[in-house]
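To start, I am sharing the structure in question, which I have written as structure tokens.
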């Protein structure tokens, strides 16, 4: 047997850890469905030419080859990228293809969520995964999509994040219209150059960005300062608007942007108070997003980067009949779960789903244990029956080692059943048709826990 | 935009179909967890040498290559199969590796379920998928595993199948000990040759099998007839035992096999009456299984083959310290779901999770609709708010097209809210804090439905 070693970049969880990941997935799905989003899954592969369509060469695609494919076939396929399959590196490219392929069978606006693994062949030493879950939420319109959907998708995501066992988080919102309108009202011609420069603020700092603004963006020192001041605006309420106007922002585009961003703040605040913020430094995805944009940071875990990002785009896909605009947000789920686990931020109340281990007095009476377990399961209580009729002390230790809180003793020869709380040692008569575990023990609880070390060691 | 075409062998569902698949996955998980099984997921890739370890060359493995890997690297990796990664073609090879890799962090017997996609580069024209869900249930012991686990795993699987929206099914069980003991008590030396011959019964029929028995297995005409008679035994209760003895089966091994199989029948019958059957023709996986073996057929859909198979194996994995025996059963979930959908055997009560569409009188009053939706969601009722403030007739048609059963009208200027049942047209005053949809409308129901055509057209 070859030596077994973990593969770097391909995370795998132990059963108790997987309970935390499953919980995050369950919460995402539950909230999305409460808001009328349909869950879909797309195949894991797309033709290589589709994957590379937007010039995404920085995403390291995994290309597939059938082991027994003829060598000539493999070489031919390598040349013809429409015949070569690659693993998807996100859920947006597949969604675009799915929407076009199934457009006649879908009702628009399509409200869809999608939680699947994606693959990127990046160097794992960057702390990046090569296989990870992404969880996406998008509303896709056919030809048109009302602006208020931007606030709606942010609201759903805020509710999801709010119900996850994570520390305090803030959704930072901005809108392209406000930024571009502001730069225009300052008299700056090359608004993309300004955005590109400001996008580098977190990495290179204001002084270096000022140089870029003066150089590449052709700004005067006053204009550069106004842009930097603009990008430093962060408000929890609509007061960002007056600050923008005070910096010289004016005109129809600026006022439209203000109205859009104010609506987003108000709707998210009404649904989940205290999590949304206007942050006019947010610029992401220059060529892709066209309306409101979002990034989300977890307090004390800023080194994770944005855990949930997205925004409005005007063309997810198009063919000669229709264009499909959308609003989408995406959680890097594995990265978030990995941090929850490694920093001890969330734990399962027990490592197994089992609430009760039903003991076995001897193999001749195993059917009594089976019957007791069946009755408890009939009332939704997770049970397993002891694998062997070992001495009770050994069965207690087995339950303890597995983290099962209760041990059930079926009564033999007409005696009453008994149940023991492994943690307290309390033992009492009990009836399989009536007994209830404490509500917090009935199912596994995933709890946010105090971090074990400094919040953000990076 | 390149032409969009479905990829043969890579099934994808529309939102309403995905609800059926998700339901099957949910039922599997719920029952498994009720029995104390832990859900795990393994990475999608394994080193190629591990995937091919058991000589599984008939499984067409998809091999991965990073698009930007240096050509020399790629060639080197092609030579060195421990450095090449392939997509897993089942969940058993990954489980074996997971158990060895994490053995110090797992408690045995390990009770695990696993529902993931697997990939096989087979010719899709066989009606086989290249990407599909498999759903596995295994109990893995460290060095030892009691025999009664065989009945237990079959019981859990019977409960899962019983709760799925599928037609009548039968789990066919046999045990290797009974077959081998019987052949031995007939005086047949080469028991594997006999098993191999009988394994071909469904394909080539009794006359051809008789030839094989007389030829390859070295049987006399009387022995061959006894073997064919043995393989024709099918009983719902323990009466198979006397039939085996009447055919000349005797000795310790036969009696052990009878006791094993009887225990399986009795325990499954006690949990889910009427689904288990002794079927002494079942021989599957000659070199792998060592105890009870199972195959499951859906009445009227025998052309699907066995939808759920497995059994006892004595060495899932081993290293120089431990051997890991197990009992496992696996459902070919995508294949089953595909049949449910194409034959119209199961349908979702509506195509979207949404129970209520909250209408919008005009954009100035959208906040009232948001508030009503929030209140309904707070009580677990899935809602969406109308995307535009179109005329009510248009909003009704929108709800109807999406299959949403109820339309909510928030009262404007102090008027009472109203709710309309789209199907009946009934409309009445309602209070967001009190109103309840009929219980069957609260969430999507997945229902077994009458088939549309002949049951098994193949």
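Cβ from N, Cα, C; glycine included.
Look at TrEMBL and you will find A:90, A:91, A:92, A:120, A:134, A:138, A:284, A:288, A:289 tagged as L-histidine binding site. According to TrEMBL, the domain 'Aminoacyl-transfer RNA synthetases class-II family profile' annotation covers A:20-351.
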10 Å Cβ neighbour count around residue A:289 (L-histidine binding site)?
22
Give the three-state DSSP assignment (helix, strand or coil) for residue A:134 (L-histidine binding site).
strand
What same-chain residues, at least 6 away in sequence, bring their CB to under 8 Å of the CB of residue A:92 (L-histidine binding site)?
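Sequence-distant Cβ neighbours: A:136, A:316, A:328, A:330.
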Using DSSP reduced to three states, classify residue A:90 (L-histidine binding site) as helix, strand or coil.
coil
Just to be sure I understand the packing, how many Cβ atoms besides its own are within 10 Å of the Cβ of residue A:90 (L-histidine binding site)?
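For residue A:90 (L-histidine binding site), the count of other Cβ atoms within 10 Å is 17.
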Do any residues at least six apart in sequence from residue A:134 (L-histidine binding site), in the same chain, have a Cβ closer than 8 Å to its Cβ, and if so which, in order?
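In sequence order, the residues whose Cβ lies under 8 Å from that of residue A:134 (L-histidine binding site) (at least 6 apart) are A:90, A:91, A:114, A:115, A:116, A:117, A:118, A:330, A:331, A:332, A:333.
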Would you count the other CB atoms within 10 A of the CB of residue A:284 (L-histidine binding site), including those on all shown protein chains?
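Residue A:284 (L-histidine binding site): 17 neighbouring Cβ atoms within 10 Å.
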Average the pLDDT scores across the domain 'Aminoacyl-transfer RNA synthetases class-II family profile' (A:20-351) and report the rounded value.
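Averaging the confidence scores along the domain 'Aminoacyl-transfer RNA synthetases class-II family profile' (A:20-351) gives 92.
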Can you tell me how spread out the L-histidine site is, meaning the largest CA to CA distance among A:90, A:91, A:92, A:120, A:134, A:138, A:284, A:288, A:289, in Å?
23
